[in-house]
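Annotation source TrEMBL lists active site, charge relay system at Ser226, Asp321, His355. Look at TrEMBL and you will find 198-405 tagged as domain 'BAAT/Acyl-CoA thioester hydrolase C-terminal'.
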Amino acid sequence: MSSQVRLRLLPSDRCLYDEPIQVKVSHLRSRQVVTIKASSTDEKGVLFSSSATYRADGNGDIDLVRDASLSGSYVGVEPMGLLRTLKPNTLNTLFIKEEALEPHMVKFSVHDEEQDQILAEVTNERLLMADGVSRVSVKEGNFRGVLFTPPGTGPFPAVLDLSTIMSERRAALLANKGFVVLTLSVFQENLGNLKMLHLDPLEEAIIFLLQQPKVGSKRIGIIARSKAADVALSLAAFVPGVEAVVWINGCSANTAFPLFYKKRQILPALKVDTKKFIPTQSGAVIAKYAMDDPLKEENRATVIPIEQANTNFLFVASEDDLNWDCNIYKMEMEERLKRHGKKNFESMCYPRAGHMLEPPYTPFCPSSVNMFVKMQIMWGGEPRAHAAAEVHLWKKIQEFLRSHVSCDPVQLTDLN
């Protein structure tokens, strides 16, 4: 490596996962062209990498906030482009970073391609947990999950983070913002043997969460995406204690499995017709139009009666979601609530975003395996617009939950 060229990450090499950094290179030759690369290995051992070519200014400096990439994984001015465009060395692979205790490590390096030389390198340590946040594995009654609690005495609002595959990432990041968050999978049984889904274990989780000593809210917020989002709607409609729901790219009906509560079926399952999958050259399929229509007479019993919920809703839909037509489901729910004289909802629509809306600065995933159909599925989204939607939505989620999941007295702490 060159003893003079300097690569800096500002304000620090160490930051929270959802925080932007400024990448700066100095002490290059005037107008020197170099390649800046980023690489990271996920929890499955898959290598993700990206690169962009830049030309230094007259002083030999490059600033990714100011300067445009000339070529590579992206073109133009994009300060966090190297993180967004991290791509796996295998097709149709999702970036896996679900355990909160270990940071997301990203190596940045500056290369002189003509001389085949690494000029400088530095590692960005992107933490999922802020200092003082506690993480406790929970196994109570019929549910298991992980509880994240902010430091301080509180009181803090309570949030249930639901997913189809157990993930700690979003929950830990929300705890950094001053929420007590319990994360768990909606599937509390082995998915391979699952014939039906029960709300009862999730009700136990709500009761457990509200009993935590630092929780000051009388009811909880729920955040969920995809299949977990329709489970969140059902909890709001049938189970006490739900103050607010953030529904992200889900369905307005109960999907995949019949839903049971208190030993009786409350909703049948809306099914998918795999014959309607559209193949693509990548080997992944587009499933957007494969779900049965929940508004057809024979399927109406699958529709979740959110109009009976005493809950505030934030509906979030990506127009380029290729997994299913979530924007149609969003509009149907809006119209239904209006017909019932309800004003308890807000909506966000992102025109060029795809299904996999994650916390900011997560590598974009165009396709990966869908756990229900066990096939490679196209998730959709124009990468740059999708990344911008993630940044915008992350702020909106926090504002919505702070507004509706309140404590008495109000004392919402942001650890940032």
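Here the Cβ of each residue, glycine as well, is placed from N, Cα and C on the backbone.
Because TrEMBL annotations are produced automatically, they should be read as predictions rather than curated entries.
When the Cα atoms are compared, Asp321 (active site, charge relay system) and His355 (active site, charge relay system) turn out to be 4 Å apart.
Taking Cβ-Cβ distances under 8 Å and a sequence separation of 6 or more, the neighbours of Ser226 (active site, charge relay system) in its chain are Thr164, Ile248, Asn249, Gly250, Asn323, His355. The average pLDDT computed for the domain 'BAAT/Acyl-CoA thioester hydrolase C-terminal' (198-405) is 97.
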